[in-house]
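Enquirer: So Swiss-Prot says this about it:
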| type | residues | note |
| --- | --- | --- |
| BINDING | 40, 45, 48, 78 | [2Fe-2S] cluster binding site |
| DOMAIN | 4-94 | domain '2Fe-2S ferredoxin-type' |
């Protein structure tokens, strides 16, 4: 499978990892030792919410986000596959639910 560079912009700094196209970005982050927020791991809540600022993801497995939210860049990292090199701002649940 193809792999993409996924950059996570977190409150404690920026980390770039390599994520296979068939791996959720949250799983790849954890395998790389990054500590990102999550809860259900099923795309049904907002704990892992982030904002895509560059690139693209496939998050068809998620159910929580509305179409408009996804079009605005919101992403649930637990159900997002990278479809290009992508940059994601993490720890965004408060902004999403505000």
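Every residue gets a Cβ built from N, Cα and C, even glycine.
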Enquirer: Determine, from DSSP, whether residue 45 ([2Fe-2S] cluster binding site) sits in helix, strand or coil.
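Expert: Going by the DSSP assignment, residue 45 ([2Fe-2S] cluster binding site) belongs to neither helix nor strand, so it counts as coil.
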Enquirer: Taking the Cβ of residue 78 ([2Fe-2S] cluster binding site) as the centre, how many other Cβ atoms fall within a 10 Å radius?
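Expert: Its Cβ has 26 other Cβ atoms within 10 Å.
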Enquirer: Identify all same-chain residues not among 40, 45, 48, 78 whose C-beta atom falls within 8 angstroms of the centroid of the [2Fe-2S] cluster site's C-beta atoms; report them in sequence order.
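Expert: Not counting the recorded site residues, we get 38, 39, 41, 42, 43, 44, 46, 47, 64, 76, 79.
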Enquirer: Would you please pick out, from the binding-site residues 40, 45, 48, the one with the fewest other Cβ atoms within 10 Å of its Cβ?
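Expert: Each of the binding-site residues 40, 45, 48 was scored by Cβ atoms within 10 Å; lowest is 40.
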